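As annotated by TrEMBL, (6S)-5-formyl-5,6,7,8-tetrahydrofolate binding site applies to ARG22, GLU85, ARG124, LYS457. For 220-378, the entry in TrEMBL reads domain 'TrmE-type G'. Under the heading GTP binding site, TrEMBL lists 230-235, 249-255, 274-277. Look at TrEMBL and you will find SER234, THR255 tagged as Mg(2+) binding site.
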Amino acid sequence: MKTDTIAAIATAVSNGGISIIRISGDEAFSIIDKIYKSKKGKKLSDCSSHTVHYGYIADGDTVIDEVMVLLMRSPHTYTKEDVVEIDCHGGIVVTKKILETVLKYGARLADPGEFTKRAFLNGRIDLSQAEAVSDIINAKSEYALKNSLNQLRGNVLDKIKDIRQSIIDDIAFIEAALDDPEHITLDDFSNELAKHIEVNVIELDKLLKSSDNGRLLKEGIKTVILGKPNAGKSSLLNVLVGTDRAIVTDIAGTTRDTLEETIQIGGICLNVIDTAGIRNTEDIVEKIGVEKAMKSAEDADLIIYVMDASTNLDGNDHLIIDFIKNRKAIILLNKTDLNMVIDPKEMETLTGKDIIQISAKENMGIDKLEKWITDMYFQGKIDLNNEIYITNIRHKEAIMESKNSLLMVNQSIEDGMPEDFFSIDMMNAYKVLGEILGEAVDEDLVNTIFCKFCMGK
Ligand code: GDP
């Protein structure tokens, strides 16, 4: 079937760097032939797929911009259609002019999300992946982007598929037994079914919980600032945040509770938690703070350990050093504007961690910290635990419905209802999970029954 050819600006419309105009559809190559010029006069529709070409975009004799053009032939493209991408020099005027030229020569302006819709309709991605892509487009930060990519890679899908498989196996068993009571018995099956349901409900609950986490994660890398009282944690947070949100005082232990801030560093979102200092103390309030500090640091993606470089190490420092040993952490030697008594090299040897010298008060060395964080992040060295996250409201609702249906089955089992009664709710639990994947139900059941129980019949 011939489809119309769509085009859109694929990058944010701003006056910076490079912009990309993407064209997808049967006419993509013939359109680019009409507007692309190169010194040697090459015709792009004659060139091989997945190649890049340098040249100019022109409308007739009027050259618009110097560009690189990427050619990607169907079906190995995002939409499975012929795709052409024009990388131009950016600038709102030029980018729009190129898009206008593409439209003038036969493309239609794409609706929002239409490239992804085509990818879905052409079977390249399933519905949940399509939604993950829309999350990518809307991602607030690189970190959220990574989470969306994980979803694309399918770890949510795998989990949901596993649960569905378990449900359909049980449905198939019931159906097969009802169909063939002589050979397949349902005695004691309710017990087994109840166990399966329990496991699946736990898994669905985990996914549901992760939907809250997922939202949090979209906000950023969980970063905890640890350190003894007075080391300069609040001051650091203030510098990072650029406001006086945390109260800075020089009475040890005033940051009793935890403070939380979201900050952006080089496009990465950090969710920073400033804690009361960890130390052995009988002071009840501070102890609660200490416990909280430990607790919040326990599952942190990154720990920033702030040390007062002008005072000697004590037992509390060793406590923290021990705590961060096997965790992702950076040590900041603060107050380097004062007389330093801690040697950075010795500290590095002692802890095995990277050390950065800063002065929160003088705003020195903060840029080094920022660089360290972005480097680590992009090298993949700061990572969220490789868990599964649901970030999408529709998914969440489907999971909730599935769980409720399974709980109804449990109720039916307890009430001693007949087995064929279970199937209805089981089927609903299965169906709504399938909606996340954009999959239909009927054939699955037929296939499962056929494969598992009717072999050779
Ligand atoms: P926290 O208890 O770890 O949160 O420490 P604060 O941020 O409240 O700082 C404790 C005291 O140390 C305050 O008087 C700060 O002004 C001071 N301070 C923090 N950072 C520095 C620094 O880099 N240099 C100097 N000289 N003083 C600092």
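Placement of Cβ uses the backbone N, Cα and C atoms for every residue, glycine included.
Heads up, TrEMBL stuff is auto-annotated, nobody curated it.
Neighbour density for LYS233 (GTP binding site): within 10 A of its CB lie 30 other CB atoms from the protein chains shown.
Across the domain 'TrmE-type G' (220-378), the model assigns an average pLDDT of 78. Checking the binding-site residues GLU85, ARG124, LYS233 against ligand 1, the ones whose Cβ sits under 6 Å from it are LYS233. All chains included, 21 other C-beta atoms sit within 10 angstroms of the C-beta of GLU85 ((6S)-5-formyl-5,6,7,8-tetrahydrofolate binding site). Residue environment of SER234 (Mg(2+) binding site) contains 23 other Cβ atoms, counted within 10 Å of its Cβ in all protein chains.
There are 21 other CB atoms within 10 A of the CB of ASN230 (GTP binding site), with all protein chains counted.
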